[in-house]
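Encoded as structure tokens, the structure appears first; notes follow it.
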Amino acid sequence: MLPSFTRKPADHPIGYLVALSGLLMQLMSYGIDNSYSIFSEDMHNDPSLGFPSITAISLGNSVSLGLSPAFGVLAGFCVDRLPPRFMMALSTILLFTGLWISSTLAANIYVVTFTYCLFASIGTACMLSPGAAATSSWFNRYQGLAMGINFAGGGIGSAIIPPLAGKWVVAYGWRKAFQLMSIFCAIGVLATALSARRREPKRDDSSADDETREGNKSGNGSLVRRSNEPATVGGEGAANNGHNEGKEDVREMGRKNGSHTNTSKVPPNGRGVGTNQQNGNDGEGLDVTEQSQRNNTFASAIDVDMDTSMDADEPQVIRSLHTHKLTPWELFLSMFTLPFMGNFLCWFIYSWAFYSLIYAAVPYISSMGKPGTVYAGVPPIPTDVAATLFTFYGVFQVVGSVLVGWLASLVTAEFAYVFCATVGGIGCGLLALGRSYVAFALLLCIIGFCMAGMFAVMPTLIATHLYGPNLGFYFGAVFLAGVVGGFVAPPMQATIQLRNNGSYAFVCVVMSVSMTLSALVCYATLWRSKRSGIVLAARKTKLVEIM
């Protein structure tokens with residue numbers, strides 16, 4: 001976008017175009033990445049690859065999805081310093097190149113792993129953090145809904161690309177199917193053109209003069225404070241003079257009467273410190289000792305406020321991750337704070353369920369009726385038919401991403417995350433009992449809805465707890481937690497399945513436990529008030545019964 005289009009206020013409609021760009025990038029990237037397991041059977045029987053084992057093929061899934069968060073740390077560091085458009089263009093080029101190199105040059109499965117899968121991993125990292133950071137910069141009130149739109153792309157891609165890939169691999173083989181999938185990289189070109197980070201609108205001189213005149217009319221010579229500036233204490237003396245003079249003026253005013261100075265802190269009862277005139281001169285009727293103690297207390301409060309506000313620029317003041325661009329060492333130390341650890345652990349545990357499902361869904365469903373397995377007596381479900389179940393999964397991912405994102409705007413992101421993780425954990429457990437196409441479709445709808453909701457709310461949790469000039473780094477660092485789940489889960493699940501006579505029951509149990517445990521971590525570390533927005537609004541509302 002041109003600079004004139006990016007200088008807009010928060011929650012501007014143009015922000016939805018930026019959210020749409022993130023949706024399109026995820027449609028392309030996750031739609032292609034999630035199709036990899038569909039080709040496992042064809043690769044396993046391909047003599048040009050040397051008939052690789054299922055475990056060796058699953059390593060490609062680990063690299064493409066599991067290593068992506070590791071590269072996401074570097075991408076998150078870069079997105080704070082480079083335009084998101086540059087990162088998205090790089091993502092599109094890498095994915096397109098990987099598809100064509102692997103489909104034309106691969107002589108064994110490891111060439112596929114370290115060309116297509118590795119390029120796809122880096123490409124996914126280059127689009128995820130930039131898209132989320134760019135979208136979050138445009139929204140304040142509707143950030144949950146915007147993030148829901150941004151992260152709905154994975155569901156749309158899963159609904160469109162894997163079913164087509166399933167038909168192509170049956171008709172043409174995995175090599176030709178890879179080349180046909182590269183057509184979807186054109187979507188990344190459009191998404192790159194739409195992405196941009198919001199910048200604050202320029203303030204012309206006339207508007208600044210009008211604001212100054214309004215401030216002078218507000219009383220006591222104090223200027224109206226802008227919403228993005230720190231609160232100041234005192235009147236003209238505090239605003240115009242140096243540190244020491246400002247402090248002495250305000251302290252002297254406090255010791256004399258404590259009636260005309262506004263402070264930046266207000267007690268819970270809603271009354272300011274110096275509100276004697278507004279409340280009938282509460283100081284009357286007190287003896288000299290009580291009046292002296294009251295004035296001293298007021299002066300002490302002013303001292304605290306002045307020390308906090310006037311000395312904000314001194315070197316000894318603690319630097320905040322919300323207001324300062326942190327050094328690498330400070331970024332490392334901030335990773336041990338509760339907000340970061342809570343987000344990191346939520347994603348770390350959730351990734352086991354997510355990547356296990358992406359890897360195991362189609363092989364599990366297509367194993368129905370397969371000889372030599374525990375499902376030999378079940379009516380068979382062919383691979384191309386099993387791949388169509390991703391349509392149900394993808395459609396409900398879209399619904400879940402948008403609906404849960406909207407729900408998070410009404411209540412809290414923590415409530416939405418805990419709810420989706422709990423229901424999704426139950427659905428993953430029931431998946432072990434599925435034996436028919438209809439049962440799998442119903443369960444994948446529920447799981448897709450919940451996983452997409454968690455995926456959409458996660459960036460909102462990160463932006464809420466770790467907002468500031470380092471947000472891009474924190475996006476990448478939190479998503480780094482997915483390395484363990486994404487890299488380890490597919491091979492581990494393949495090994496467990498082979499050692500249990502082809503049974504995927506333990507795979508479903510691992511997914512269920514991961515989802516449920518993720519809900520517990522969010523509840524314990526991130527959900528501070530333990531109340532939803534609707535409950536808080538209901539408690540503040542006083543209903544009067546009219547007889």
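Note that Cβ sites are derived from N, Cα and C of the backbone, with glycine treated the same way.
Summarising the annotation, Swiss-Prot assigns compositional bias 'Basic and acidic residues' to 244-255.
Annotation source Swiss-Prot lists region 'Disordered' at 198-293.
The annotation topological domain 'Cytoplasmic' is assigned in Swiss-Prot to 1-11 (among others) on the grounds of a curator's inference.
Summarising the annotation, Swiss-Prot assigns topological domain 'Extracellular' to 33-58 (among others) and lists a curator's inference as the type of evidence. For the topological domain 'Extracellular' (33-58), the list of distant contacts is 64-65, 106-110, 112, 117, 120, 124, 154, 157-158, 161-162, 165-166, 169, 173-174, 177-178, 181, 358-363, 366, 383, 387, 390, 490-491, 493-495, 498: same-chain residues at least six beyond its ends, Cβ to Cβ under 8 Å.
Summarising the annotation, Swiss-Prot assigns topological domain 'Cytoplasmic' to 80-85 (among others). Note: the topological domain 'Cytoplasmic' (80-85) comprises 2 helix, 0 strand, 4 coil (DSSP; helix = H, G, I, strand = E, B).
Under the heading topological domain 'Cytoplasmic', Swiss-Prot lists 130-144 (among others). Averaged over the topological domain 'Cytoplasmic' (130-144), the predicted model reaches a pLDDT of 83.
Long-range Cβ contacts of the topological domain 'Extracellular' (166-175) within its own chain (Cβ-Cβ under 8 Å, at least 6 residues beyond either end) map to 35, 38-39, 42-43, 46, 103-104, 106, 181, 362, 383-384, 386-388. Sequence annotations record features per position, and here Swiss-Prot assigns topological domain 'Extracellular' to 166-175 (among others) based on a curator's inference.
According to Swiss-Prot, the topological domain 'Cytoplasmic' annotation covers 197-344 (among others), on the basis of a curator's inference.
Listed by sequence, the residues of this chain that lie at least six past the ends of the topological domain 'Extracellular' (366-386) yet keep a Cβ under 8 A from its Cβ atoms are 38, 41, 166-167, 169-170, 435-437, 440, 500-504. Under the heading topological domain 'Extracellular', Swiss-Prot lists 366-386 (among others), citing a curator's inference as support.
Residues or ranges marked as topological domain 'Cytoplasmic' in Swiss-Prot (evidence: a curator's inference): 408-412 (among others). Across the topological domain 'Cytoplasmic' (408-412), DSSP assigns 3 helix, 0 strand, 2 coil.
Positions annotated as topological domain 'Extracellular' by Swiss-Prot: 434-437 (among others). Using a Cβ-Cβ cut-off under 8 Å and counting only residues 6 or more beyond its ends in the same chain, the topological domain 'Extracellular' (434-437) has close neighbours at 365, 368, 375, 378-379, 381, 385, 389, 443.
Look at Swiss-Prot and you will find 459-470 (among others) tagged as topological domain 'Cytoplasmic', backed by a curator's inference. For the topological domain 'Cytoplasmic' (459-470), same-chain residues at least 6 beyond its ends with a Cβ under 8 Å from one of its own Cβ atoms are 80, 132, 136, 143-144, 147, 150-151, 320-326, 331, 334, 339-340, 342-343, 346, 405, 408, 413-414, 417, 478, 522, 526.
What Swiss-Prot lists as topological domain 'Extracellular' is 492-505 (among others), and the listing cites a curator's inference.
Under the heading topological domain 'Cytoplasmic', Swiss-Prot lists 527-547 (among others), citing a curator's inference as support.
Annotated transmembrane segment per Swiss-Prot: 12-32 (among others), in sequence order. Same-chain residues lying 6 or more positions outside the transmembrane segment (12-32) and placing a CB less than 8 Å from one of its CB atoms are 1, 5-6, 88, 91-92, 95, 99, 120, 123-124, 127-128, 131-132, 134-135, 138-139, 146-147, 149-154, 156-158, 160-162, 181, 184-185, 187-188, 190-196, 198.
The transmembrane segment annotation in Swiss-Prot covers 59-79 (among others).
Each residue in the topological domain 'Cytoplasmic' (459-470) gets a DSSP state, and the totals come to 7 helix, 0 strand, 5 coil. For the transmembrane segment (345-365), the neighbouring stretch richest in Cβ pairs under 8 Å, chosen from 59-79, 176-196, 387-407, 506-526, is 506-526. Residues 55, 58-59, 61-63, 65-70, 72-80, 125, 128-130, 132-133, 136, 331, 335, 340, 343-345, 347-356, 359-360, 458-459, 462-463, 510, 514 of the same chain, all 6+ positions outside the transmembrane segment (471-491), place their C-beta atoms under 8 angstroms from a C-beta of that stretch.
Here the transmembrane segment (387-407) has Cβ contacts under 8 Å with residues 34, 38, 144-149, 151-152, 154-160, 162-163, 165-167, 361-362, 365, 416, 420, 437, 440-441, 444-457, 460 of the same chain, all six or more residues outside its ends. The listed stretches are 59-79, 176-196, 413-433, 438-458, 506-526; of these, 176-196 has the most Cβ pairs under 8 Å to the transmembrane segment (86-106). Under 8 Å from some Cβ of the transmembrane segment (506-526) lie the Cβ atoms of residues 338-339, 341-343, 345-346, 349-353, 356-357, 360, 364, 414, 417-418, 421-422, 424-426, 428-429, 431-432, 450, 454, 461, 465, 485, 489, 493, 496-497, 500, all in the same chain and six or more residues away from its ends. Listed stretches 59-79, 109-129, 438-458 were compared with the transmembrane segment (145-165); the greatest number of C-beta pairs under 8 angstroms is found for 438-458.
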